[in-house]
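In what follows, a single structure is set out as structure tokens and then discussed.
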Amino acid sequence: MAFWRSLAFSAILLPLFIHGALCFYLPGVAPQDFQKGDSLQVKVNKLTSTKTQLPYTYYSLPYCAPEKIVDSAENLGEVLRGDRIENSRYVFKMREPQMCNIVCKLKLDAKTAKEFKEKIDDEYRVNMILDNLPLVVPIKRVEPDSTVYQLGFHVGLKGQYTGSKEEKHFIHNHLAFTVKYHRDTLTESARIVGFEVKPFSVKHEFEGKWDEQATRLTTCDPHAKHTVVNSNTPQEVEENKEIIFTYDVEFQESDVKWASRWDAYLLMSDDQIHWFSIVNSLMIVLFLSGMVAMIMLRTLYRDISKYNELETQEEAQEETGWKLVHGDVFRPPNNPDLLCVYVGTGVQFFGMIVVTMMFAVLGFLSPSNRGGLMTVMLLLWVFMGIFAGFASARLYKMFKGAEWKKIALKTAIMFPGIVSAIFFVLNALIWGQKSSGAVPFGTMFALIFLWFGISVPLVFVGAYVGFKRPATENPVKTNKIPRQIPEQAWYMNPVFSILIGGILPFGAVFIELFFILTSIWLNQFYYIFGFLFLVFAILIVTCAEITIVLCYFQLCSEDYLWWWRSYLTSGSSAFYLFLYATFYFFTKLEITKLVSGLLYFGYMLIASYAFFVVTGSIGFYACFWFTRLIYSSVKID
């Protein structure tokens, strides 16, 4: 079902574009109007922890469950994220405050007490949803009138009784909800614009025999105007302890309109550092642009003029520099098939990223559409397969290859196959932990169908079209006998120059990378796609320019083996990305479990691999354009 919902989602993208032209904010659902007294159903989502990165379903803990648990329909992205949205026993009446509502009473045994303690130790948070808005805990900052929002509330906390050194576990069993709404003065209907909670741990007490419908609590009684305002008498988590779950709900009228209800969650208080990131990246681009301009306008102009003025054989024999290797510069590289595959894969990824960025910048991937970003990226990856096949086949034919079907199959299988192997291993680890983050078999089948049923055929279609077109003609002829490459200076060593070439592209993105990692691994929203789009554009220019500069120096030293080096020069920025991810793991995260650490490094390895093929392909095409340009500008005798 998740697969077919994903296809339906892709089918409605065109109408969404039309709607987006009229309104920047594109919600995941249409606005819903509520009249006073209307039922409000609170849904529960996964339990999350930044310490383990392993999500669990809400009812994996023995919380109060309704008579029948109903799963909400999740899209492909939600399933892959581990979202499991279900109904709950928390039901409100619109604009009708409630106090001390009893949800249920639970008696802990050894097993359930251990489960709660483990989740409290790992700092798990409970996530809920009302009218597609996530539940948040408002946290006041030191500065006046400044509030930040934490997604979800903690299952519980650890603490000590006064005068005791023994650490105990306490559960948040009383929830004080606040529902904010914007009222239409004409119709008296209202729309929900905020969903907040203050969790408390309270050891509830009651008199007489327990009756969930009639029992009145002595610790929380609206008739006696005795409400919960603190956790001074907390509810301990121990075997044979009884826990009574309760909640309050109040309604507050708000001036915030429905279309702006996400603004508080997405508010950037540190936008200055993003501008610093842009300025930092622009400085790198300006530096490289200056070098490229110097090469193109001064050095090359002088060289080309000099070469074109050579008349005598004696003068021709005195040639030095990049023109000497004109007979070898377009000689096919070692492992040309592999290069074609990686270039095609890079084109596929590049197309996916560009179109995704366009959707995001225009507001089509609002966080209210949970899983939308991942769903769109997967579908775009699949449909961009046609460009992967086209690019790899075009390059393959230029290398005088004849078996286009073989290259198409390798392009369709290699990168997804490697990523799938890593993904299956990680998914097995998640299955072993009984986490909701494990991808179900139905979703796995949908992913395989997307790959082999759609992506692979599209790669073959693209390869067929690309191979049928006339081969790209080189501007100069290639000699039959390869020219000997002279001994190179130490700084032109391939490994050294490749590693140096990756520093600047990484430097252009590393500040924004911090915010991306934080949003992924610390459960925060990332919605500054405008900044990200600028940084990506700067990354493209940086990769292209650093590769052109180093390629020119390489050719000047009479080394014509530029094909693979151009790809690896900018692609090596992925190595620094993985090093930074390692640094981030040890300095910003509190992951201690082995499985969680393996998940982190496994997913960051996939991300680094994808970054490698994208940046490598950008550098390759920049160098390819540069070499064709300079060698087509000189007269070759």
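Every residue gets a Cβ built from N, Cα and C, even glycine.
Annotated features, as they stand in TrEMBL:
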{"type": "SIGNAL", "residues": "1-23", "note": "signal peptide"}
{"type": "TRANSMEM", "residues": "275-297", "note": "transmembrane segment"}
{"type": "TRANSMEM", "residues": "339-365", "note": "transmembrane segment"}
{"type": "TRANSMEM", "residues": "371-391", "note": "transmembrane segment"}
{"type": "TRANSMEM", "residues": "412-432", "note": "transmembrane segment"}
{"type": "TRANSMEM", "residues": "444-467", "note": "transmembrane segment"}
{"type": "TRANSMEM", "residues": "488-521", "note": "transmembrane segment"}
{"type": "TRANSMEM", "residues": "527-555", "note": "transmembrane segment"}
{"type": "TRANSMEM", "residues": "567-586", "note": "transmembrane segment"}
{"type": "TRANSMEM", "residues": "598-626", "note": "transmembrane segment"}
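Remote same-chain partners of the transmembrane segment (444-467), defined as residues 6 or more beyond its termini with a Cβ less than 8 Å from a stretch Cβ, comprise 2-3, 6, 76, 344, 378-379, 381-383, 385-394, 396-397, 404-405, 407-409, 411-413, 416, 420, 427. For the transmembrane segment (412-432), the residues of the chain that approach it from at least six positions outside its boundaries are 54, 341-342, 345, 385, 388-389, 438-439, 444, 451, 455-456, 459-460, 595, 598-599, 602-603, 605-606, 609-610, 613, judged by C-beta separation under 8 angstroms. Packing against the transmembrane segment (598-626) from elsewhere in the chain are residues 53-54, 339, 342-343, 345-347, 349-350, 353, 415, 418-419, 422-423, 425-426, 429-430, 501, 505, 521, 539-540, 543-548, 551-552, 562-563, 566-571, 573-575, 577-578, 581-582, 585, 589, 591: each is 6 or more residues past its ends and has a CB under 8 Å from a CB in it. Residues of the same chain lying 6 or more positions beyond the ends of the transmembrane segment (275-297) and with a Cβ under 8 Å from any Cβ of it are 504, 507-509, 511-512, 531, 534-535, 538-539, 541-542, 545-546, 548-549, 552. Long-range contacts of the transmembrane segment (339-365) within its own chain (CB-CB distance under 8 A, at least 6 residues past either end) are made by residues 13, 16-17, 20, 24-26, 333, 372-373, 376-377, 380-381, 384-385, 387-393, 395-396, 399, 401, 407, 410-411, 414-415, 459, 529-530, 532-533, 536, 563-564, 567, 610, 613-614, 616-618, 620-621.
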